[in-house]
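Asks: My questions will all concern the structure given below.
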Amino acid sequence: MGGFNLFICVFSLFVGSFFFSDLASAQLRQNYYANICPNVENIVKNVVKQKFQQTFVTVPATIRLFFHDCMVQGCDASIVVASTPGNTAEKDHPDNLSLAGDGFDTVIKAKAAVDAVPSCKNKVSCADILAIATRDVIVLAGGPSYAVELGRLDGLSSTAASVNLPKPSFNLNQLNSMFASKGLSQTDMIALSAAHTVGFSHCDKFSNRIYSFSSRNPIDPTLDKQYAAQLQSMCPKNVDPRIAVNMDPNTPRKFDNVYFQNLQQGKGLFTSDQVLFTDSRSKPNVNLWAKNSQAFEKAFVEAITKMGRIGVKTGTNGNIRFDCGKFN
């Protein structure tokens, strides 16, 4: 009987969390700022374009910032908040220390540009600016354009202790479990993983796959042999931890479906990438999207839109930060 009551309790919490999530996402809509700051998307786009012209790193840095924000306490720009003597913020959790500064810089500069317009000052959240900027960098890298739902408030807390993100070593069950806890399906997870079509990773995130995978196989047998040798040459043992390699060895500066073609060839950099092809449950999506970029782009837009609805703050649960890097 106790077990049944526990089930009902857990089930109620599960349903309740999605109910409140739906209430929060109900306030999100396209053109949210039409009567508040009608030019906000163009203002952000111009800043993003300038930043992109300075460095391509703006693209993966901004996408990753959005993902790391949404997957921890929801899309509320809590990832941008700096630590204080009394609080270690999300951005200083070990899993976030490798977030490139260009993502933070993009949000901060876009916020300044928006607030420079008198009618827009302190009217647009940092969370919405990050969502818009993410769409803009994807487009600049050749990916799909899509309408961004807006109306998020900025979060009121940011703690390193709350950070729980997918690991590069995750198998499909672990990936599905973590994404499902955020209301995202396996299809959403596979589509979002393709953000690894741009960006880079430090050697220590995958070194076990090329040196110490198992006692029988020092090199992960699912890795293409030539690719493994290439990775070993770029990431020798005891390499400088700051050394990084492209996530996509073929088109690292293009947001495209080549990510899935790489998986078919055993060229997924992380275990969590390659498992999408080696596991029969996710393999059909990989094969479909490897040959059909339109189908992939449609699935990606659906997935990133759903991700943008996670844990949206409304009412007294949030506000519009004057400075994205600190609470009001």
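From the backbone N, Cα and C atoms, a Cβ is placed for every residue, glycine too.
Okay, so TrEMBL annotates it like this:
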ACT_SITE  HIS68  active site, proton acceptor
BINDING   ASP69, VAL72, GLY74, ASP76, SER78, GLU90  Ca(2+) 1 binding site
BINDING   PRO166  substrate binding site
BINDING   HIS196  heme b binding site
DISULFID  CYS37-CYS120  disulfide bond
DISULFID  CYS70-CYS75  disulfide bond
DISULFID  CYS126-CYS324  disulfide bond
DISULFID  CYS203-CYS235  disulfide bond
DOMAIN    27-328  domain 'Plant heme peroxidase family profile'
SIGNAL    1-26  signal peptide
SITE      ARG64  site 'Transition state stabilizer'
Asks: Given the recorded positions CYS120, CYS126, HIS196, CYS324, which lie close to SER78 (Ca(2+) 1 binding site), meaning Cα to Cα within 10 A?
Replies: CYS126, CYS324
Asks: Calculate the per-residue pLDDT averaged over the domain 'Plant heme peroxidase family profile' (27-328) and state the result as an integer.
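Replies: On average, pLDDT over the domain 'Plant heme peroxidase family profile' (27-328) sits at 97.
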Asks: Under 8 Å Cβ-Cβ from CYS75 (disulfide bond), six or more apart in the same chain: what's there?
Replies: PHE66, ASP69, ALA127, LEU130, ALA131, ARG152, MET307, GLY308, ARG309, ILE310, GLY311, VAL312
Asks: Based on Cβ atoms within 10 Å, give me the single least packed residue among the binding-site residues ASP69, ASP76, GLU90.
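Replies: Among the binding-site residues ASP69, ASP76, GLU90, the lowest count of other Cβ atoms within 10 Å belongs to GLU90.
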Asks: Just the number: how many Å between the Cα atoms of CYS126 (disulfide bond) and ASP76 (Ca(2+) 1 binding site)?
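Replies: Distance (Cα to Cα, whole Å): 8 Å.
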Asks: Note the Cβ centroid of ASP69, VAL72, GLY74, ASP76, SER78, GLU90, the recorded Ca(2+) 1 site, then list each other residue of that chain whose Cβ lies within 8 Å of it, in sequence.
Replies: HIS68, CYS70, MET71, GLN73, CYS75, ALA77, ILE79, GLY155, SER158, SER162, GLY311
Asks: How many whole Å apart are the CA atoms of HIS68 (active site, proton acceptor) and GLY74 (Ca(2+) 1 binding site)?
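Replies: If we compare the Cα positions of HIS68 (active site, proton acceptor) and GLY74 (Ca(2+) 1 binding site), the gap is 9 Å.
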Asks: Give me the long-range Cβ neighbours of CYS120 (disulfide bond): same chain, 6+ apart, Cβ under 8 Å, in sequence order.
Replies: ILE36, CYS37, ASN39, VAL40, ILE43, VAL114
Asks: Select the closest residue to HIS196 (heme b binding site) from the following recorded positions, measuring between CA atoms: GLY74, ASP76, PRO166, CYS235.
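Replies: Nearest candidate: PRO166.
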Asks: Which one is closest to the residue listed as 'substrate binding site' in space, judged by CA to CA distance, out of the recorded positions CYS70, ASP76, CYS203, CYS235, CYS324?
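Replies: Among CYS70, ASP76, CYS203, CYS235, CYS324, CYS70.
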Asks: Cα distance, CYS324 (disulfide bond) to ASP76 (Ca(2+) 1 binding site), nearest Å?
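Replies: Each residue's Cα considered, ASP76 (Ca(2+) 1 binding site) and CYS324 (disulfide bond) end up 10 Å apart.
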Asks: Restricting the comparison to the recorded positions ARG64, CYS70, GLY74, GLU90, which residue's C-alpha is spatially nearest the C-alpha of CYS235 (disulfide bond)?
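Replies: Closest candidate to CYS235 (disulfide bond), judged by Cα separation, is ARG64.
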